[in-house]
Every structure is written in structure tokens, then in C-alpha cells.
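Written below as C-alpha cells is the structure these notes are about.
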Amino acid sequence: MRKKQKLPFDKLAIALMSTSILLNAQSDIKANTVTEDTPVTEQAVETPQPTAVSEEVPSSKETKTPQTPDDAEETIADDANDLAPQAPAKTADTPATSKATIRDLNDPSQVKTLQEKAGKGAGTVVAVIDAGFDKNHEAWRLTDKTKARYQSKEDLEKAKKEHGITYGEWVNDKVAYYHDYSKDGKTAVDQEHGTHVSGILSGNAPSETKEPYRLEGAMPEAQLLLMRVEIVNGLADYARNYAQAIRDAVNLGAKVINMSFGNAALAYANLPDETKKAFDYAKSKGVSIVTSAGNDSSFGGKTRLPLADHPDYGVVGTPAAADSTLTVASYSPDKQLTETAMVKTDDQQDKEMPVLSTNRFEPNKAYDYAYANRGMKEDDFKDVKGKIALIERGDIDFKDKVANAKKAGAVGVLIYDNQDKGFPIELPNVDQMPAAFISRKDGLLLKDNPQKTITFNATPKVLPTASGTKLSRFSSWGLTADGNIKPDIAAPGQDILSSVANNKYAKLSGTSMSAPLVAGIMGLLQKQYETQYPDMTPSERLDLAKKVLMSSATALYDEDEKAYFSPRQQGAGAVDAKKASAATMYVTDKDNTSSKVHLNNVSDKFEVTVTVHNKSDKPQELYYQATVQTDKVDGKHFALAPKVLYEASWQKITIPANSSKQVTVPIDASRFSKDLLAQMKNGYFLEGFVRFKQDPTKEELMSIPYIGFRGDFGNLSAVEKPIYDSKDGSSYYHEANSDAKDQLDGDGLQFYALKNNFTALTTESNPWTIIKAVKEGVENIEDIESSEITETIFAGTFAKQDDDSHYYIHRHANGEPYAAISPNGDGNRDYVQFQGTFLRNAKNLVAEVLDKEGNVVWTSEVTEQVVKNYNNDLASTLGSTRFEKTRWDGKDKDGKVVANGTYTYRVRYTPISSGAKEQHTDFDVIVDNTTPEVATSATFSTEDRRLTLASKPKTSQPVYRERIAYTYMDEDLPTTEYISPNEDGTFTLPEEAETMEGATVPLKMSDFTYVVEDMAGNITYTPVTKLLEGHSNKPEQDGSGQTPDKKPEAKPEQDGSDQAPDKKPEAKPEQDGSGQTPDKKPETKPEKDSSGQTPGKTPQKGQPSRTLEKRSSKRALATKASTRDQLPTTNDKDTNRLHLLKLVMTTFFFGLVAHIFKTKRQKETKK
């Protein structure tokens, strides 16, 4: 075996670094917080498809940030920022008695009122299931341990023994139990997330804390059960592990369990039975499970708006999809505890403004600042030396703005927003440079202020937010994949200050932060009900608390759209502990099942019936009214904003004491249907709230959300139409080449995981060098050393010419793609396999092949579950899924190759929504194993080095490529290049080849081979020496045209038909598509593609056309099978890692070779 080609060290280092980055992007557990660890680049919204969202939100390990107008290339930190702790401001320690809690300053959910009635959780146990914890944080403290449920380690061990729990440790009086359910024996890498979540639920920092304000959770006196669960052996095992944690938490006395993690778009039906039983067990014992909705926004993630033709754009997944859980969305309140800065305005008034710092400025120091435009040009920074640079957001990455300012001598950076009412953004840390983000309003004030001086305050304060009260952009929308209403309720989740590892505190954002606040409120409300309703069972009190909490929530209103945020985004509204604690009434659906109304499919006219419950001893007089609204549409996309249709008039009702009464509200949206169907042809949501007040002029007392779908929701299309059918060549995740809409490149030489995402059929293109090697007896493809590689391409695509590495759809006259295969075992277009962009979750996917009579000749194995391709992001999921089980090798049920002809390749699947019927996608596939017949003789002119064949090739399918190949040694790698025919059909043979280092290698006639390939992938090849021998007994000549002194006796060389060159192959009768031999078949003219060109034919060529981009060593071939692998349909992160590792390493080798040959080609061009 030849010595392997050495790889340049720097290229290897780059590849390994890229692999590391991509693998690190695959989070084991998708905690519902997002980090600024992986900055991303914003792109302009002018791209026609997919459209970018216009709202900005700060940082995510899991998803990319939304695009905004004016921000062409800007790296930002996403708005759900996970692990970005801030260093505490430099402040002097305050006496313990003066330390206020964070809630004393700002309590948008009014928890303090509930605490006054129900206490702070003393004697109660709460559980947090999460990825990791700092078990010894200073905030894990009880004020009076004599009131604790577990007084000692011995008490805990007794409880464990009663329930057969043989694991778990006592940490201290506060953390009564800790256990790692992942069983991986590793210390949690992420201790931040679980610590932050636990602090919101039950933190209780000491007065001696160095922070200016003391952290106090919703239930600060409750004991904690900390349960670490992380993905180790796949999602199913993961779900079983947290199911065990749920059972243990219930058995150890937890009243509430918080689960701030999830897997987007997974359906409840996908969970193992053990997990479903654990949810039911907790419910039966009256234990509340609170989950976060997720940070995946909607279908398309945070970088794309969903298409208005596909209304099933919800992405709330598991465990949040479980009906028994209380699922929490995130919103930003109108006021926030924040760092502040002070300036004097032109009228000498002090102006205080909120700032979000990355590296804090020295407090109480007056800084000069200078305006630096958008921080792009050197001239922008002419006045910033020794000052703070004030820079507008936009055009370039934040890190570049900061770096440019530092290079110019600035001492810090202030970046202000380029849009009104935006969320604050965490800026990247650039060499510890002090930097902060401010609102557009404040930035413009600083720009125009004549006094260019600013001071940063030492102590944070509560100030109005620039965004106002608004649902967080990242917060995941419903419905669930099963078609159920989620989320249930909303809570503050934007820039929440809580505990992180090592006795520190930080602001993080995400639905992970929203859930533990609601968990604490639920725990306190149930505690209140123990006294208020002593005759109820724990499960009855749990049911009541959930209904009251949702009923008393305040529906959030979008001031910009003058409509309520959708119930599919906010659930019942913003949690209000004060209203819940005082509530004597609540509202449910007509069956008293839950405090939300799911109407499923509706017509233009329908009714909403709800039940109002009065638990007081007096009759209650109420006024009620319904809002009717739908989705706002912007062009072809949902704007992810509400659109009000109308509001019904207020009506009056009296509810008897200790009784209930039904209310029916008629809805008539018929006058809007024509316009709405024109915007949303596949149907639309009609939704809103039925709201109740004690007086029409007063604030809302309670409300209930309702959702109906005007159309057939269950039978919405589950799969995007094939890319072959796209009029403009684009799909949701695929942007067409504007100059060649039918261009569809295979996986070959670049990392196409983020690009080739559409519905199509895949196949493989195998070069003749590998086919020849296999025919000559090489059993292991890894032992083949060749500059060519096997590529995964898309069926029906072909390269137009050898020096164009791109593939293009070739179509029949009727516009259908020319998808043809030749299942003869040579690895070249031998199979087809389904790849789909799923718009919805589906089940029971199966492929089958039908002959022209409609008989099923082959059926694949079943793929039971398919998850919608809700994003195109390495950290979450890709924009399409390949299904290995659907690979058809052109054989029937008995394993025999089918007869030549045209077949229907059908993929069947069923959406998992209730009432859905089976759907299918069809492709026409030609099967043809007819070997091309080629000339048996040729002549060669030594004068102009032209090779002239005696006849044209005869093929059953149109000729794809007719070429002369030659192979030479470039160092230790056999290198193959090709010559296309001249306009007259002759070939001009070169005398020598050039290596990558510029050396020349003489070519002999025996180095050349005539290769013909048809569009089904049938290949025939013949040595040129054989063709010349077929014409005369001319001795072999070397590259100079001279006769060698002595020609060694050669063994008979085989051509592509396995015949010896001294024996003319017997021509077999050519068969037509039915397998019958026609009386006479005329020579097939090459079929032209949609551009009028014949694939593979290059006019006026004849010179060597190098397959430069396709060169690779055998090390790359070893990974070729990875492109066939089915991408995970269960969102399994561990499996994703393996697939991505293969793809990345393949990319490295292909990309390296492409780079080397690109450099070589550039050198040749300069000559």
C-alpha cells in the first residue's frame, strides 16, 4: 500500500478546531435558557425567502439571533442568555439590616402579597430537575431550620428507606437531597443553569452577601431536592431518568417540581410510557410539575418567519407538552432592576438610563464620550482616544465595533440600539474592554447632548424598560405537535437576577427563568389552600390552584398592534400571585377540564362556551366580553404578531353563591374570511380571550383563552413540496441560485448540512476509477487510492461540464426531473433515498415502489416517529431529514432487480394531529441497466494529438458524459483528470500533466481511458490503447508520439464490460423499458436540459478539464457512508454529535483538497 499523503499541520488544526466548535454546539440537555457563548451574525431582511424577523432579542447556545433591518453583518448575544454572569459592581458592604431583597424593589408578579398569606415555604420541600448545580451556594440557607420538613440527615434516610431509594446525599439543612440521575459519573459541566433556576424558586441569600440586594426566591424557606439529569444514552433513556427523578421527588414529599429544560417540537406521544406514568403519579399525589415552554420561538427559529401557508408553526416540545404540567412562557415587564448611568442634559437636568454591561465601567467616575457613528471606519474614531466611544448598532459585528474602538484608544464602548422598543443585548467580551448596551432613545439623547459626560452608578435601580411589557421573542409558540394548547401561562423571563456558581449572581434570560417563579407561586397557593380548603384532597387542591392561577392571570396586550398577544404565545397571560391568592372565582371550559378552551376546527361562525365558578358565599355580578383575533401576515409570512378582528360588546351575568354558571359567546368572523383566506390559503386561527370584570371600567378580574382553527388543522400538509416542483428553485430553508435556479449541489466537497435542506431524493455518484477498482477485485473501498470520491447527490441532477463542480436538475420535456438509476452494483446511481423537510410531526413513514400497473413491488421498513424540521441550526435540528430506511436499491420484495422501466416511488406518512389522514409524496424514477455500447476502434493523429472514435456511443438513456480520462501520480496520490470532446467529437490528448507543485509528468497512451456514462448511471470504459489496436496494429506510443524501445508484454486489460481487449464483446440485443427487445432501436440523441444544453457536453473544449474540486485521499472515502445516514428523527443530541462529527471530518478533507486545487488552478491561470 502506498504511503499516505501528509496533511499540512495548519489545515489539520483548523479542521480540528472547527470540529470542536460544531460539537460543542450540540448541547446534551436543551435547558430553556440561551447563552452568549456562540455569537451569531445577523443578516439583512431583504432576502426574499426565508424572511427574517424584525424583532431583536439577546443570546443563544441553541438558536441563532433574529435578523433586523439595517444589520447586515452583526454578531449579537441572543436574548435568552444562559451562562453570562456579570462581575458584581464595586460597592461597599452595606450593614445587614439595610439589605433589601430584589423583590422589595420590583415584584411584577406580586409574590409578596401571596407570601404574606401563605408564608415563604417553611416546612415545604420543592424539587428542581436540571443539568447541574452548585450544591454549596451561599443562597442555600434556611432562616429557621426548626421549621424544616427534614430536621436531619437521619430524617431523610428514613424517608428514602420507606420508598426504597438507596441513593442520594444530604448536603445541608437547605439542600436536603442531591443525586445525579444521569449515571455518567461525571461532575456537571454546567452548574450555572440549575443554580440560577433554584435561586428563583427557593434562594435565600444571607444579609452578609456582597451584592447590593439580597436574593430571595418565591419560597425561600423551603428545602431543596436537587436532581441532576443529563442526556447520556439518548432521549428515551433521558426521559426515563427524569421520570425516576419525578417519582423520587414525589415520594420524598416535594409539593412542586420545576423542570426548566426541553426538546423542541417533540410530542407527548413520543415520551416513554414510564415518563407518562410519572406525570400521572405526580398529579395523583397533588404535586405540581412546572415546565418551561422553550426558547425556540416558532417554526424557522429566531432567524426566519414561518410561511403563511403553513399555520402549524408551534414548537413547544416535551416535557412541556404534557397536559398535566403547567407550561410557562416568558415576557418582559415594563420595569426592571438594572444597572444605570447618569448624564446631565442640556437643561442641566439629571437623566438616568438603564444599561446592560459586559465588563462594567468604574462606578461613580465621570467619563467623557464621543460619537463614533457605526464604528466601521478609522475616521469614525478620530475623537475617541481616552473616551468612551458611542456607537450605533448595525452593519458590522459588535465584537468588531468594540475592537475598532479599543484600537483607536477608547476606554470603553456604549452601543445603542437601531430600533425602538428593542430588548437589551449582551455584548461580547473583547479583551475585558468595558462595554454596555443602551436603548435607541437614550443613545440619541447622548448623541445630541452638548455635555458629553456620563457616570455609571454603583447600585442597580428599577427603571422602565425600553421594550415595555412584551412577550419575549425567543419564547416558544404553541400549539404542540399533538395539536394541544400550550403554553399555559407567562412569567417574567427577561434579564432575571439570581444565583450562579461560586457564590455569584447573574442576570439570565429564558423561559427557564419564568418557570421557577410560577413553580414557587403554585407551591405557595397550594399551601394556602391546605388551610382554606382542608377537606380537599391534594390532587383536588392542585387542580384548583392551576385553574385559579390561569384564570387570574392578566392577558398581555400588544400596544404596537392594539391587540392581545396570541394565547398560543402567552397562554392565559401574565401570572399574578396577588389576584390568585384573593380569587373566589375562576373560569374553565364547559366541561370543567381546564382553564383554556380548545375548539379544534371551526367555521366562520361558532360559539365559545365557558363555565364561571363562584366559591364565595355571595352571588357575584360580572361583565364579560370576547376578543376575536388572528395572526398578522406580512407578505408570505406570519409576522408573529396578533391582528384584532373585533371585540364583542360587554354582557352582564350573575353567578349564584357556591355555584357555577355557563356563558356562551357567539363568534361571527364571516365578514373577514375572504381576505384572510387570501392571505392564509390553508386556514387560520380564530382565537382570543373571554374576559371578565366586576365593572366594565375597571381592571380585568379574570379571563380564559380560546383557540379555534378555521380549516382542517389535522390534515395540513406534513411535508414541504419537493424542490423539483419549486417554480423559483427555492424552498423554506434553501435559497436558489439567482443565475441558475435548478442548481442543486450534492454533499461532496463542502459542509452542506446547513444548505441542502429541502424535499428531494438522494442517490450517489461513483467515479469510474472506483468502479474500475472494485471490478478488478478491490474488496474494501478504503483500500482504493484515488483523487476522486463518491458523492451523495440529488436524483435527477447532473453536472453540465467537467470544470463546473455544480449539479443541476435535468428535466424531461414535461418539466419532471430526470430521476434515473441503474441498480447494477457499481455504486453509481444505484439507489434513491428520501429526504424531506417536515412541516409537522408525523408517524409511520414508509416508502413503497409501484410499477406502471400500480402494483407494489417493494416496501421499506417503517419509521415510527418524525419530528418537524423546525429550524436549520446545528445546535438544534437541521432543515431536512434523510431516512436510511427508505433507500431503494432497484430491487423487488424478493431482492431481485426490477425490469427496466418507470416506477412510482411513493413516501407515505400521517400527521400526528388528531383526525389526520395518511398523506404521500410521489416521485417518478426510471430504472435502466442497459450498458452503453461504444466504439471499438479509433485513430490518433500525432500531428495535432487528436483522437477520433469510429462511432458515437449507443445508449438506452441519453448520454450524460463522454470523456477521456487519464491518471498519473502526483507525489503518492493517483490523480485523475478528464478531457471533454471537441465540437467535432474528437478529443485532444495532452502530452503531459502538471502536479500540484508545478512539476510535469509525461503521459503515455496507456494512461488514457475512454469513458461513457448515461443518465441512469450506466458506465462503459475502454482503454485508448485498445481502441487504437482495434483500428491497426500500431505500436503504443508515449506522450511524445515516439515508439518506446521495448514494450513489456501486458496482460489482457479489461474494459468496462469485463471483456478482454483481444476479444470483441458480443453485443447483446438492447432492451426497451419493458425488458423486451425491440426489432430495431434508433440511436438515441442526447436529451437536452431546461437550458437547452446537453448535460456533460462542453462545446469547443477538448483540453484537459480537471476534476480539481473532487480530489481526495482514501481517508475521505472512508467517511462517504456518513452522507447516507438518516439524520436523527428524535432530536437525539448524542446521535446528532456522531452524525455531525462524520460530516465535519468529511468536510475537512474535501475542503482541504478543494483549497489546494483552487490554489493550483489560480497558479495555472496566472501562467
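Every residue gets a Cβ built from N, Cα and C, even glycine.
For Asp130 (active site, charge relay system), the same-chain residues lying six or more positions away in sequence with a CB closer than 8 A to its CB are Ala31, His193, Gly194, Val197, Ser198, Leu226, Met227, Arg228, Val229, Asn258, Met259, Ser260, Phe261. Among the features that Swiss-Prot reports, active site, charge relay system is placed at Asp130 (among others), with the record citing sequence analysis.
The active site, charge relay system annotation in Swiss-Prot covers His193 (among others), and the record cites sequence analysis as its basis. DSSP classifies His193 (active site, charge relay system) as helix under the three-state reduction. Counting every protein chain shown, the Cβ of His193 (active site, charge relay system) has 28 other Cβ atoms within 10 Å.
When secondary structure is read from DSSP and collapsed to three states, Ser512 (active site, charge relay system) falls in the helix class. Its own atom aside, the Cβ of Ser512 (active site, charge relay system) has 34 Cβ atoms within 10 angstroms in the protein chains shown. Annotation source Swiss-Prot lists active site, charge relay system at Ser512 (among others).
The annotation compositional bias 'Polar residues' is assigned in Swiss-Prot to 34-52 (among others).
According to Swiss-Prot, the feature compositional bias 'Polar residues' maps to 1092-1106 (among others).
Swiss-Prot lists 1120-1130 (among others) with the feature compositional bias 'Polar residues'.
Positions annotated as repeat '1' by Swiss-Prot: 1034-1050. Within the model, the repeat '1' (1034-1050) shows a mean pLDDT value of 39, rounded to a whole number.
Feature annotation from Swiss-Prot assigns repeat '2' to 1051-1067.
The repeat '3' feature in Swiss-Prot is assigned to 1068-1084.
The repeat '4' annotation in Swiss-Prot covers 1085-1101.
The motif 'LPXTG sorting signal' annotation in Swiss-Prot covers 1127-1131.
Residues or ranges marked as signal peptide in Swiss-Prot (evidence: experimental evidence): 1-31.
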* Asked: What does DSSP assign Asp130 (active site, charge relay system), in three states?
  -> strand
